[in-house]
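Before any comments, here is the structure.
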């Protein structure tokens, strides 16, 4: 739980960041460069924290999911897929893991498999089909509801019915809105 809180909500990372800023160890470049580097460090730190948890207990689905999500954010999709799949093997009713594996498969271009995982996640937990609640959107600074996994599954199904030359399966602007799904509550199991 501590690693989840620290990685998800800043925790120790924010204190280190303030320390480095005060001591001039952060190179001052554009705001975007700093944010990107901060994000990489944060997710690398999260990956390390979850790996430490997994050294103690390899059969820990929430830690596997947490590490998978950090790996996904670092662009290490194949490793993320392995971790989230292992979490599902250990806990076959882990709806958030199916939703997030669907997102990873979607990013890997494995659309049919992504649709199956999106649908399985909603069968296991119908609330996942509603998307993030207002408090989650508030914490993420999202004023509008992003597309849900049901929206994405329906969109993919409609596009896959078209001839391949007419399909639009990726839209960088919309894809950027797709976030990790329903972490809240997954670490209390």
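The backbone N, Cα and C atoms fix where each Cβ goes, glycine too.
Whatever TrEMBL says is automated annotation, not expert-curated.
Features reported for this protein in TrEMBL:
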type	residues	note
REPEAT	61-94	repeat 'TPR'
REPEAT	95-128	repeat 'TPR'
REGION	163-189	region 'Disordered'
COMPBIAS	163-182	compositional bias 'Basic and acidic residues'
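DSSP labels the residues of the repeat 'TPR' (95-128) in these numbers: 31 helix, 0 strand, 3 coil.
DSSP labels the residues of the repeat 'TPR' (61-94) in these numbers: 27 helix, 0 strand, 7 coil.
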